[in-house]
Amino acid sequence: FGSSSCVFVFTLNTPARECDLGSLERLERGSTDTLANGCRADFGAAKRLAKRLYHLEGFKRCDVARHLGKNNEFSQLVASEYLSFFDFSGLSLDRALRTFLKAFPLMGETQERERVLVHFSRRFCHCNPRILTSEDGAHTLTCALMLLNTDLHGHNIGKKMSCQQFISNLDGLNNGKDYPKDLLKVLYNSIKNEKLEWAVEEEELRKSLSELVEEQCEGGCKRVARVTDGSNPFIAIPILLNAVTYKHGVLTRKSHADMDGKRTPRGRRGWKKFYAVLKGMILYLQKDEYKPDADISEVDLKNAVRIHHALATRATDYSKRAFVLKLKTSDWRVFLLHASSEEEMMSWIFRINLVAALFSAPAFPAAIGSMKKFCRPILPSSSTRLKQEEQLLSHENKLKQMSLELEEHRKNSPSVDPKSREWEEYRLKEHYLTYEKTRYETYISLLQAKICAETDDLEKIEASVMGGLIMDGVMAGRECLLRKTQSSPSISQAHGGLNGRAAGCTAPGQRS
């Protein structure tokens, strides 16, 4: 995410000068409106706005982020001027980050938050040229600290990241070089001993969560779980107590692999029975039977699995039990889930994959392009803002990208010892690209099937898919008739207006 310029276009009905003066005048008078992309960037106005944002003159803290994270020239000027009020000289990166995160709530789209952190990294390097000389390196390390904070202090299941793992994950990411190990050890211990705290504007947080619930809950229900554990807002999503329930039933879970695909220790691999509830983009695994009006307990939250960018498949390589599906999450954790019948197993596979296909937000580009070591990109857990047709197009573009990358990757296999580190990196990337290709093929098939079904009713879509659609890598050519399941909501209830019926229909077996 380097600096990027924006093309400014004026409408025929609005003269350029009128647009400039009108928008700038409103900002001078104290309006909290963001300057439109169609207006010329003005350094003087940016400087004055940055000063007022920093001193909160006519603005609330929750107004700051949206003026700093837009992808236009004026917003970049405002952000640069705003950061100039911070003096990070002599501070370690984590202390500077703590100071910055307490100044205002880091809200907005994932890309907007990313841009704000780019400006922070640039300012830190300017104040401490001897600590980190590369702005890209500082930005990568900043994001790594935020993700480390989530790993060490979040509700994730599994072993916490060790200091050595933290260091290894950052090999070669300091502008093609390694970070000093002593620096990484100090930063790791600092985050481990004291979690990062985020500024929260209570009134604005209540408002934004309420609006989100109104979009995603039938009847405008507004009950939400308060997020007070300091989870990383960069990848966290609100827990909606009244989100739409897409499916529920008994599942027996076995943890097969922890984060990044590392085998789960033997003592934690046992089968455990849960009452599973697919609610929004979260699969809750509850001890007690599902009750629609019951609040979610702390234990249920710890067992919950986020299914954004996940893929559910038949566990063809597991033969000890029948009707077992494999769920691979965005962070490459792997769970085996044993269902009560063939029908239930296929229904869980279908509904998990369809919800993930419909609502997973597009991945944002990696911040660094010159890496020695292969690293998977971070996949945002927030819900997509794209319409159904745009979501399908996004998946199709990602499939094309992954297919081309895989083809190019296979043309450049290492010529050294197959047991070398280069070969290990090669195999890891090939496995990633192959998996992503399968995932997007599955998403595309399901979205196309939903469009062709010409309905938002899950029961009808599921019957259509199970009756004839072959899901690449999931159905394995099998056909089965399903009995009516207990829950059959409309798929669009959770995201009204985002997934309207398409005007046209693409055949399920075709690729656009």
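Every residue, even glycine, has its Cβ placed from backbone N, Cα and C.
Residues 486-512 are the range that TrEMBL records as region 'Disordered', among 405-431, 486-512. Between the listed ranges 245-272, 385-412, TrEMBL ties the annotation coiled coil to 385-412. Secondary structure of the domain 'PH' (244-357), assigned with DSSP and counted as helix (H, G, I), strand (E, B) and coil, comes to 28 helix, 43 strand, 43 coil.
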